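What follows is a short report on a single structure.
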Amino acid sequence: MDQSKRYVNLALSEADLIKGGRHVLCAYRMRPRPGHGYVETAAHFAAESSTGTNVEVCTTDDFTRGVDALVYEVDEAEGLMKIAYPVDLFDRNIIDGKAMIASFLTLTVGNNQGMSDVENAKMEDFYVPPEFLKLFDGPACNISHMWKVLGRPEVNGGMVVGTIIKPKLGLRPKPFADACHQFWLGGDFIKNDEPQGNQVFAPLKETMRLVADAMRRAQDETGVPKLLSANITADDPAEMIARGNFILETFGENASHVAFLVDGFVAGPTAVTTCRRNFPDTFLHYHRAGHGAITSRQSKRGYTVLVHMKMARLLGASGIHTGTMGYGKMEGAPDEKMVAYMLERQIAEGPYYRQDWGGMASCTPIISGGMSALRLPGFFDNLGHSNVIQTSGGGAFGHKDGAIAGALSLRQAHEAWLKKIDLVDYAQTHAELRGAFESFASDADRLYPGWRDRLRIAA
């Protein structure tokens, strides 16, 4: 059934839709299946995403038609389709009238992903109007909270030097806590890897008691505050709350030094919101494990990394993993700095829409995935600043002289970048950074040709 007369209005102006403030706008790359027209398929997509189905129904009235999603722009040659969704379509909480990402996802990338006339469709960007944006929680705290705990300036406080305890699974409570203590003697921040929780060989309560003690000892030995991101992800919100309360009680006077990690992609908006609303004073660390199945450049369905990041900020993530923009081991490219800017800035340009965040707090980029001291300067050059949380697993524990030296090498690489000193030159007077060149020699050969001669290290 051709629904284009009802669900397509190419006379609508995007500027007028934005000025009106009553529509969420979404841009998709869409390809119809062979034998189906582009505009007709786009119309069916909009219908399925809002008020329609595959047939006309007798219960439709004029009010219903007034909240139709409308295709307002198509470019068949580019495979581009833009749809305007009236804000009244989206579900609101009965307890406080707030908007929810679950409803946004259900409409914009729900049933339309499985339609028989759609070969593939992927959301590339979306725009939220000002009044509707106010209905989302947004972040309660961000990296400035960590800088304050660390005793740094709350503006431009610089990189938080972090790690992920490796191996990601298989450590019992004491070896895990010992590894934390070692890294904290040189670094700032430790996160649970996303699978770490309450395994039978590492019960959460026993582990957290030992880690809390390790933090106290490291702070006493260094005179510097330390930070931990503890995984509270669970299927049951009550379990998440129980874990969170136990961890805060266990860390006691250092409770403000704790962040909560939530596997936001696999556990979903409910888990993120559970943390955001029950622990508003705690940094909400959104881990995105699994997202690549949807957001990868290889995937032609679902949504992009940028869309995922924007949803995380709306949900209230304090920080989210953004990848390494091609400088680490994960898929990415330098132009993905747009993703970080969308999280950090009050006004940011996406590929299709400029988003004004209306004063909503920023969300912090968390950098991880194959990063070592040698890769940091190029990453910072591309991003243009170093106000990120950086977590290196192998980049710290893979250092030839151990975790303390690994942490110090990361800190020294950051110092060199801030001072605009060549990394090889800085390594000549900083033993831990020099050790990073020896530890990650293949990176050094690729990024710093001639480093062996300059550091007088034999091949």
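Keep in mind that glycine also has a Cβ here, set from the backbone N, Cα and C atoms.
As the structure is a computational prediction, the values presented were derived from the model and not from experiment.
Annotation comment: Swiss-Prot describes Lys166 (among others) as active site, proton acceptor, evidence class sequence analysis. In the shown protein chains, 17 other C-beta atoms lie within 10 A of the C-beta of Lys166 (active site, proton acceptor). In this structure, Lys166 (active site, proton acceptor) belongs to neither helix nor strand by DSSP; it is coil.
What Swiss-Prot lists as active site, proton acceptor is His287 (among others). Cβ-based neighbour count (10 Å, all protein chains) for His287 (active site, proton acceptor) stands at 26. Annotation note: His287 (active site, proton acceptor) sits in a strand segment as assigned by DSSP.
Residue density at Lys168 (substrate binding site): 13 other Cβ atoms are found within 10 A of its Cβ, drawing on all protein chains shown. Marked as substrate binding site by Swiss-Prot: Asn111, Lys168, Arg288, His321, Ser368.
Per Swiss-Prot, the feature Mg(2+) binding site maps to Lys191, Asp193, Glu194; the stated evidence is sequence analysis. According to DSSP, Lys191 (Mg(2+) binding site) is assigned to a strand segment. Non-local contacts of Lys191 (Mg(2+) binding site) by the CB criterion (under 8 A, 6+ apart in sequence, same chain) comprise Gly162, Thr163, Ile164, Leu228, Ser229, Ala259, Leu261, His285, Thr391.
Annotation comment: Swiss-Prot describes Lys191 as N6-carboxylysine.
Positions annotated as site 'Transition state stabilizer' by Swiss-Prot: Lys329.
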- Message: Give me the long-range Cβ neighbours of Arg288 (substrate binding site): same chain, 6+ apart, Cβ under 8 Å, in sequence order.
- Response: Gly264, Phe265, His308, Ala312, Ile320, His321
- Query: Glu194 (Mg(2+) binding site) has how many other Cβ neighbours within 10 Å of its own Cβ?
  - Reply: 20
- Item | binding-site residues: Asn111, His321, Ser368 - member with fewest neighbouring CB atoms within 10 Å | Asn111
- Please list residues from the chain of Asp193 (Mg(2+) binding site) whose Cβ is under 8 angstroms from its Cβ, counting only those at least six apart in sequence. Ile164, Ile165, Lys166, Lys168, Leu169, Asn231, Gly393
- Considering all pairs of residues in Asn111, Lys168, Arg288, His321, Ser368, annotated in the record as contacting substrate, what is the maximal C-alpha distance expressed in whole angstrom? 36
- Rounded to a whole number, how many Å is the Cα of His287 (active site, proton acceptor) away from the Cα of Ser368 (substrate binding site)? 11
- Task: Give me the Cα-Cα distance between Ser368 (substrate binding site) and Glu194 (Mg(2+) binding site), rounded to a whole Å.
- Result: 12
